[in-house]
Each structure stands twice: as C-alpha cells, then as structure tokens.
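Undergrad: Shown below is the structure under consideration.
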C-alpha cells in the first residue's frame, strides 16, 4: 500500500513525460488514460482506512498523535532535514480524490494539444504531493511545483491579457511561497524536525514543542503564505485576472484544487505545526474571513464579466472556509473541509460552464450574453444548477460548508464571534443575490445576438466532463459524511481537543 | 629555517592542471593542429578533475607549525574537480568559435588551462598568500582571453572585447592591491597568514586587524562583483566572447567565493559581508529587470546570485557549507544558461538582445528546455530542483542562525528575480516558429549541454551527493 503513495506521484509524472513526447492527436487519449489511472489510485486509500480508531474508542494521548492510513517515510536530503514522508488520512483523502477527479475531467475536456495536457499532469503531481506530504520541507517543495506549470498554462493558452495575468499570478504566489519557506524553516530549525506527525499534537506528547513566540511568528508567516494562495482578502487581487485569462481547464484546476492547497495548508501546516499561534491569531483570521465574504459578494454584485464574477465568488467561498478554520473548533474545521470539497466541485463545474459559454459566444461580458434559456436550455439549466449549488441551497454540497462555518462561529460564543457569524450570514444572503442576478442576466430575457449565433448543443465529451461533478455535488449535499466520515479523530488531534 | 616536506601525492591535482597547460602549449607547438590541441586540453582538464576526486582528502603539505599551505579535504577536491569540469565545459563551448578561427586555438587552450591551474590552487590553498597567488593565476589569463578575438576579413570589427579586457584588468589590479594590503595589515596585527591560525587579534591591534579583514573582504568582493564593487562586470561579460563570459561567471566567481569563504569563516567580517550581500542581491536583481541584452541580463542575475552566497557567508563558519553548496548548484545552472546562449546564437557572435531569442525554444526545443530548466533553477523553482535546494540551504542556514531579517531579504529578492526569469522564459516560446533561423547545434556544445543538464538533474534529485561532500 505504501507503493501506492509513490505511484500516485509517479504515474502522472510519467504521463506528463510520455504525453509531451507524443504527437498532438494522441495527447488527449493518452493523458486521459494516465489521469484515469491516477484517479483510480487516488480512490484506493479508502481500502486501508483503519477501523480500530473510531472516535469513542480513541482518546488523544493514547497513541501516536496522528495516524495516517498509509504512509511512507524515506530519507531524501538529510543535510536539509528533508524526508520523503507521504501519508493519507481523513483530512487529505477527500482532497486527493477531488484532485484525481478534476484532473481526469480536465484531461478529457482538453482539446488544445500535448503541451497543455502534459502541464495538467505536472500540476496534478504538485497538488497531490502537497496533499500527501507529511514533511514540512517536502510540503514546501510540492507547493512550489505547481507555480511555473500554472504560469505556463495561463501564459500559453489564456485570453488576450494572458501575459500580465500570468505574471501577476506567478509573482504573487511566489511571494506567498517564499513566506511559506521562511515559516517552514523557522519551524524546522526551532523544533529540530520537519515531520508533521511529530509536530502535530506536540503539545500533548511534549515532543518538539515550539515556544509561544516562535509559534506566533511562524503562524503569521504561514498564514500569510496560505492567505495568498487561498486567497484571503486583501491578498486576492491576483485571482480574478488569472481566472479571467486562463483557459477553461486552467480555471477549473486553479479554482478546484490549487486554491485548496492554501486552505489545506492552513489546517495541516498552520494549525498543525503552530496551534498556539493559530489560536492567538484566530480573531484576526476570523475578521479577515468575514470581510472576504462580504467584500467578495459586494464585488460580485458589480461584475459584468462571467469568469471574473465566478472568480470573485471564490473569494467569498474561501472566506467561509477560513472562517471555519478561524473558529478552531472541530465543527468549524469540518465545515472548512466540506466547504473546500464543495467549492472544488461546484466552482469547477461553474468554470467548465463559463468556459463553454465563452467559447461558444466569443464573449464573457454579461451585457452581451442573455437569454441562454431560449437557445440552449440544457446549458442554461446546468448553469442554474451550479449557481444554486454555489449559493448554498440545502441539499446541495455548497450548503454544509457555509452553514456550519456560521454555526461554528455562533458556538464559539461571545459578542465578537456572534457578530462575525451574523455578518457572515448576511454575506451568504448577498451570495444568493449575485448568483440570482447572474442567472437573470445570462439565462432569462430575449436571446442576444451572440447567444443566438452560438451552437446550443452540449457535446458528449462535455456531458462526460460535467456529469461526475453534478452527481458529486448532489451526493455531498445529501451525505456530507462522504467527506467528513474520518475527520473527527485527526481534527481532534490537530486542535488538541478532548472528545 | 628548515625546508618544508613536500607530499607529491597531495599535489597531484595541481601537477595535472599545470601539466595540461604545458601540454596545450606543446601540442600547439609540435602538432600545430587545432583538433589535437583542443582534444589534449580537454582530456587534461578531465584528468585534472578525476585526479582531484581520486586523491580526495590527503595529508596536508607545505606545513609549518600551526598551519599548512596545501590542504586536500573533500570540499577542496570537489571544488577543484568543479574548476576542471567548468574549464572543460567552457573549452567545449568555445570549439565552434575556435574552428572558425575567432581566436587562436593554441593560445586559447594554454591560457584557459593556466586559469584552471589557478582555480585548483585556490581550492587547496591553506594560507592567504597561496590563496591570492592562486586567485591571480586564475584571473591573469582571463584578461587576455576576454580580449582574444580575431575578426575575419570583411567581418565588422569591434573594440568591445578589448575595452572589456582593459576594464577588467584595471579593476582586478586594484582589487588585488587592496587584498594584499588587507593581508598585510592582518599579518601585522596577528602575525598569521595560514588560514588555520587566523583569528581575533590581541587587544591593542584589534582595530588594525579589523581594517585588514574589511579590506580583505572588499578586495575579494571585486572578484565576485559584489555591489558597489561591480561596475566592471556587465561591460566585461557583454564584451567578452560568450564562453569566456560563462567562465567569468562561473569559475572566476567560484575562485572569489572560495577565497571569501576562507576569510569569512575565520575572521569576524559579518557586518561588511551582510551589507555587501543585501546591496548585491537587491541592486543586481533590480537592474536585471531592465536589461535588454541577454548576456547583460545573465551578468546582473549572476551578480544577484553572488549576493545570496554572500548572505550565507555573513554567518561566518556556520554559513560556509550552505554558501559553497549554493555556489556549486549555481555554477552548474549558470553554465547551462550560457551554453544555451552559445548554442542558439551564430558561431562566435555576441550574446545578442533578448529579442534575438524570441521563439527560440520553438525552433530548438531541447536547448530551449535546458534554458528553461536553468532559469527555473536560478529562480529557485521546480523543475530546477538543484536551484530550489540551493536556496533552501542558504535560507535554512540563515534562519537557523537567527538571521531572519537577512533570510527575508533573500526571499524577497527571489520574488523580484522571478520577474525577469519568467520574462526570458516566456520569450523563448513567443513569436513565430518558422524555421528560418534554425541552425544545427554543434556537437561539442550539445555535449556540454547534455552533460551539464544531467548533472543539474541528478543534483536536483540527489542533492545529498553534494551537501554530503561539503
């Protein structure tokens, strides 16, 4: 089973090499094949999920602080304290599957040649590595892997202003990741280890615990790094440009999984390595998260470009995720995890649809698109479904993350957190407002010339790419336990909460 | 005064290097064929590298009580081998130009081998005087090599190379004088020239020793083109033939770094070196943003990279392994970058403007990919894993010693640097892919690129090979 973790990285990496060397016409098939194998591999860890650590049988402090389902630990660069330590647990598993799925769908959808297909697979290596890494420096390394490929995807296949957008993306995110490097090295040199299993729950085991001041500095560095990636207001300004210019598959992967590296890192590395720092900074994080929710929604109300609107909606959704994390409670972080996955599914779908509409009509301007329902009822229906899922209708995936982030803030109690919860709830209502505005402008009314001239049919490959996302949005909406089933024990460890 | 015992085995790498120079001279004299001279020098350089690694750590020789002048250790052997490898690489990069007759092959090979001999001496030097003699032997042939350019009849002649040579010569002479003054003052204060005996001066002479150390660092900072002692570098790099610019940016810089490391590890020079480091990386990166000529851009970027090395050296002894590791990773990546410039430009041409490289990677996918790898590495990002580990080791050393502010300056500079690296990288893939400008890459150049790229990839995945040796 340990070889499985290595295979998860080797298969897409090998795929990228093979695809890059093949002629263009074979690229789609072969890249889809490699992505499919990776997806199957990404699902497999569920088979080794341990059953003995159910939440009532397990008390923190009983066993090792963190028990991955499967792990592999090899020395790599002892001089730098870097170990090739990978592992899967309940926190990372849903995101790993999501990455496998979205890359597969993007590879199937991609019609732009071998270079893009190869880059998608390289991106997958970086993202999977980030979610699998249990060593801080290794985490940093994989975090960096996605940087240049994503730059190339935007700069190579993007819209008219792609160069500026790509440059902004790469410089912003590098600025974030160098802060991550500082934070990670601060933790590694102060604790003497970069091993996340040792660092997580160090307060209970007493091993390698960091002083409160170090934790604060480290958490600020790490939180800033992840806030750029997530992105958290006010560090989000790279995101709309990148999304507007990126090709459809780039937007899907960027929104669907790359942003999750920020929120996942905040939970796994930020809270895991510096819990006291996180607790100290949580009010500030909460305020920023709520501002992001409201600001994202208000900006969305004024947007006139389809992809830009969806991009800004991501700022709001990531605000809910970060609010959940900021509460530092199991409910809150669970809300963050389910919100992460839901956002990946729904926004992935939204970007697929927006990209298709933009490709068909040749414009993303809301003034020029209208009456989609008249000419392309299926597409309009799907857009309606995705928009409603995104605004958090109960029964669809988007609901749980947002509702429970607010509930967790209420549970935290006190006037401060109650205010945050109330403002976040208002932000949630605004989310509904701008999505309904979007639907009114795009789907209702008479068909505009751009829409009337476009082809209405949804092709088979498009159905193939979208159906899994639609079904999973429904499934996670009805059974959020799909994501949350195995998160209680790891989260209790992470947060140092007694169950 | 007794004569010192000499251990000839310890000196084998030096013999091999000096022998190579003599071999080049004799081959040119007696065989008179370009191919023979070049092959002989190439083999000699490789033999030097192999000898250095085969001898490895050995008993020190030229010893007096308290110190030795020739200290074969693993870092010394590794860096000597690196000097030899860089020399062989630069020679191979020069082959197309030599075939064309842009420079006389015999003189070129002899001078390059002499320079290598100096490099080997620097690597093994155990006292300040041996160090400075080595450094001068390394630099002296370069004054000529920078200006060594013959023009075919009808070819447009320029004096760029000659003026580059004169600039370089004047600055170097001054810097050597400063270094010697520093050594003298330090000797006056402490009575030590051997590296092992360097240390704090007795109280009445502390100020004198401090001035000596500062002068020593400043003089050596000229060699690595640290700001504000850098003005010679861009003009010299751009005026020199591209392979020689590669040598200046790698081997010559490595000599300066080794000398600085030897001094910074033993004398308290943190303040001077830290100031130089901050200035060098910041100015280097900011000015590189505005460059329009390829070699100048690489020159400023390599200056900025030297700033990161200086940052590690500001820590004193604890930073030396990180600085050397960074230097080695950087040399390999830099050699790839210059090698690609040689490959993509007409034979014996200068580095050209950035626009000359527009779409180059579409016409030459493999050299283009190698350049992207090198640029990514210089920016410290995957797929240039070697560069990433280099940056991590420097930042880790800084953070571990509590110099977080300097680590922050380093990483901020990494962000600035990425701006111009991605500009060049993107340029390679922009524009028309028409085949008009396509030239076959000559075999020796291709061989260098393949070999260095393999080294970069191997070091990227197994950096422990290097970090363990330092």
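Each residue, glycine too, has its Cβ placed from N, Cα and C.
Curation plays no part in TrEMBL annotations; they are all automatic predictions.
Under the heading transmembrane segment, TrEMBL lists A:6-22, A:29-48, A:116-134, A:140-157, A:169-191, A:217-235, A:247-267, A:279-302, A:309-330, A:379-410, A:416-436, A:463-484 (among others). TrEMBL lists A:133-424 with the feature domain 'NADH:quinone oxidoreductase/Mrp antiporter transmembrane'.
Set these features in their place in the structure for me.
TA: Non-local neighbours of the transmembrane segment (A:29-48) in the same chain are 1, 4, 7-8, 11-12, 14-16, 18-19, 22, 69-70, 88, 93, 96-97, 99-101, 103-104, 106-108, 110, 114, 117-118, 120-121, 124, 128; each lies 6+ residues outside the stretch with a CB under 8 Å from one of its CB atoms.
Nonlocal intrachain contacts for the transmembrane segment (A:116-134), taken as residues 6+ away from its ends with a CB within less than 8 angstroms of a stretch CB, comprise 5, 8-9, 12-13, 15-17, 19-20, 27-28, 30-31, 34-35, 38, 42, 68, 71, 73, 85-88, 92, 95-96, 99-100, 103, 106-107, 110, 141-146, 149-150, 152-153, 156-157, 195-197, 247, 249, 253, 257-258, 260-261, 264-265.
Long-range contacts of the transmembrane segment (A:140-157) within the same chain, counting only residues at least 6 positions beyond its ends with a Cβ under 8 Å from a Cβ of the stretch, are 82, 112, 115-116, 119-120, 122-123, 125-130, 132-133, 163, 165-167, 169-170, 173-174, 177, 180-181, 184, 229, 242, 245-247, 249-250, 253-254, 258, 261, 265.
Through the fold, the transmembrane segment (A:217-235) approaches residues 143, 172-173, 175-180, 182-184, 186-187, 190, 210, 258-259, 261-263, 265-266, 269-270, 273-274, 277-278, 280-281, 285, 288-289, 291-292, 295-296, 315, 318-319, 321-322 of its own chain, all at least 6 residues removed from its boundaries and within a Cβ separation under 8 Å.
Remote same-chain residues near the transmembrane segment (A:247-267) are listed as 91-92, 95, 98-99, 102-103, 105-106, 109-110, 112, 116, 120, 123, 127, 130-131, 139, 143, 146, 150, 153-154, 157-158, 180, 222-223, 225-232, 307, 310-311, 314, 318, 321-322, 325, 333, 336-337, 340, 343-345, 347-348, 351-352, 354-356, 358-359, 494 (criterion: CB distance under 8 Å, separation of at least six residues from the stretch ends).
Nonlocal intrachain contacts for the transmembrane segment (A:309-330), taken as residues 6+ away from its ends with a CB within less than 8 angstroms of a stretch CB, comprise 227, 230-233, 236, 239-240, 242-244, 251, 255, 259, 262-263, 266-267, 271, 278-279, 282-283, 285-286, 288-293, 295-297, 299-300, 303, 336, 339-340, 343, 347, 350-351, 354, 366, 390, 398, 401-402, 404-406, 408-409, 411-412, 417, 420, 424, 427-428, 431, 434-435, 438, 488, 491-492, 495, 497.
Outside the transmembrane segment (A:416-436) by six or more residues, the chain places 283, 286-287, 289-290, 293-294, 296-298, 300-301, 303, 309, 313, 316, 319-320, 323, 327, 387-388, 390-392, 402, 405-407, 409-410 with a CB less than 8 A from a CB of the stretch.
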